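Below: one structure, written as structure tokens.
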Amino acid sequence: MLDKLVAQYSAIIESLGEDVNREGLRDTPKRAAKAMQFLCRGYNQSLEEVTNGAVFESDTDEMVLVKDIELYSLCEHHLLPFIGRCHIAYIPNGKVLGLSKFARIVDMFARRMQIQENLTRQIAEAVLEVTNAHGVGVIIEARHMCMMMRGVEKQNSVMSSSVMLGSMRNNPSTRSEFLTLVHSRRAL
């Protein structure tokens, strides 16, 4: 696959009128191909692999929230990055997930070409699948380079998307607690 990507990046560079053999660009097709493989490595990962059995029995039945998980993804429309933060909460149902696994789930889905709305849903559904939680809430806030570097060129826009499942969707007080906790900004 790497050789095919290298050839395609060479063709793109030449199509833009550049000399792919000039000093500054000579290794660019290979570097760009490797970068794209890294940025899309989520296609080669599975939920079972990234969670690695880190689900533990627990009597905890109150909300668990992990805030400000940084994420980097590629918009499927322009192949430009969007960069942001993900907040995940769940109401355990006899099981809790190892803390680092939330970041791994976010990365697995973020390292694919897609739109933010789908990314938000994929993360929520994965957490629900792994934990069998009573409820799951996910909010992503991100800046999209496709809107900042091209098109309307708006530098300060932030897109927010949310998915609420189970009690996070059906119980207004649970949903409100999640939103309040996400929006509280207390320095540690």
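Backbone N, Cα and C define each Cβ position, glycine as well.
Going by Swiss-Prot, these are the annotated features:
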BINDING   Cys75, His78, Cys146  Zn(2+) binding site
Shell list (Zn(2+); ref centroid = CB of Cys75, His78, Cys146; cutoff 8 A): Leu74, Glu76, His77, Leu79, Leu80, Phe82, His144, Met145, Met147, Arg150
Cβ-Cβ neighbours of His78 (Zn(2+) binding site) (radius 10 Å): 16
Cβ contacts of Cys75 (Zn(2+) binding site) (under 8 Å, same chain, 6 or more positions away): Pro81, Phe82, Met113, Gln114, Ile115, His144, Met145, Cys146
For Cys75 (Zn(2+) binding site): DSSP state (helix, strand, coil): strand
Other CB atoms, at most 10 A from the CB of Cys146 (Zn(2+) binding site): 16
